[in-house]
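Feature annotations, reproduced from TrEMBL:
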| type | residues | note |
| --- | --- | --- |
| BINDING | D9, D11, D179 | Mg(2+) binding site |
| ACT_SITE | D9 | active site, nucleophile |
| ACT_SITE | D11 | active site, proton donor |
| BINDING | D20, D95 | substrate binding site |
Amino acid sequence: MADIVVIFDFDKTIIDCDSDNWVVDDLGATDLFNQLLPTMPWNTLMDTMMKELHSQGKTIEDIAEALKKAPLHPKIISAIKAAHALGCDLRIVSDANLFFIETILKHHGLTDYFSEINTNPSFVDEVGRLRIFPHREFTTCSPSCGDMCPPNMCKGVVLERIKASVLAGGRKRVIYLGDGKGDFCPSTKLREQDYVMPRKDYPVWEVICSNPSLIKAEIHEWSNADDLERILLHLINSIIFGLRTSSLLSSDCKYQTIPIISAQEPLTPRLAAPRIAC
Ligand SMILES: [Mg+2]
Ligand SMILES: [Zn+2]
C-alpha cells in the first residue's frame, strides 16, 4: 500500500456538475429552487426541494435516473481506478448528500474504490421522500473558517479527523482535490508534505491565489479531467518513487485580488515565504 490518502470533493470535481442543481434542473424545479434560495440555508433547501418534488409525484427512482445522467468523464474514472491500483486510500468529502453520491458511484461501478464518504446524511422515508440532513448541527462558522464554510459542514473539521487517522495508520501524505469555496478551509489544514489540487478558475483556486501564504501544502492546479488524471497520477508516482515536485500554478493567478478572509479572521500567515510564484 502507498502511504497516500487522496481526498476528493464530489461536485465539479468527480462529476462535472453540481449534483443538487443537476437533479433540480432535470426534474423541472429550477424556478422554485431559485425562488426559495434566498430564504433558507442550501442544505435545508435541498431537503425542502425533495419534499416539493415528492408532492409533485416525482419518485426516488426519478431522482436516481436524473443522477445517473450526471456527467462523469471517463478520465476521472480511470484516474480513480489507477490511484486505487497504486495503493492509495481514496475518500470523498462533499456537501452533496449520501444518496446522490452513492447512486452516482454505483452507476459507474466506483463504490468499492472509496474507503469513506463524508457528506450530508440522507435517507428515503416511509412515504418514499428523500430526506437530507446537515453533516453537523447548524453552527456559526468556526473562527478559523472565515466565512468560507457553510453552516452545515466544515470540510476543515473532516480533514483534521482524516489527518489524525492518517498519522495513526502510518500513512504519510494527503492529496486533496476540489473546486469550491468550501474546499479552502481543508486546504489550509494540509501540511507541507501534502498536496492540494484546486480546479483552475473555480472559487477555491481564486481564494488560494489571493491567499497563498495560508497554504502550506504544495499546490497543483488542474482544469479538466485530462489534467486531473495526469497530475494526480504524476504526484502519486512521484511520492511512491521519491521524486521531487514543486507547486504549479499558472501566472494569471497573480492577477486575482479577491479578498476572502473575513475581517475578524484569526488565521496566522505562515512565517515562511509562499512556496508558489503566484
Ligand atoms: Mg465541488
Ligand atoms: Zn471550515
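Just so you know, glycine gets a Cβ as well, placed from its N, Cα and C.
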Residue, out of the binding-site residues D9, D20, whose Cβ gathers the largest set of other Cβ atoms within 10 Å: D9
Additional residues around Mg(2+), ordered along the sequence, whose Cβ is within 8 Å of the centroid of D9, D11, D179: F10, K12, T13, I14, D18, S94, G178, G180, D183, R199, Y202
D11, D95, D179 as binding-site residues, winner by CB count within 10 A: D95
Length of the line joining the Cα atoms of D11 (Mg(2+) binding site) and D95 (substrate binding site), in Å: 8
Rounded inter-Cα distance in Å - D95 (substrate binding site), D9 (Mg(2+) binding site): 8
Integer Å distance between the CA atoms belonging to D20 (substrate binding site) and D179 (Mg(2+) binding site): 15
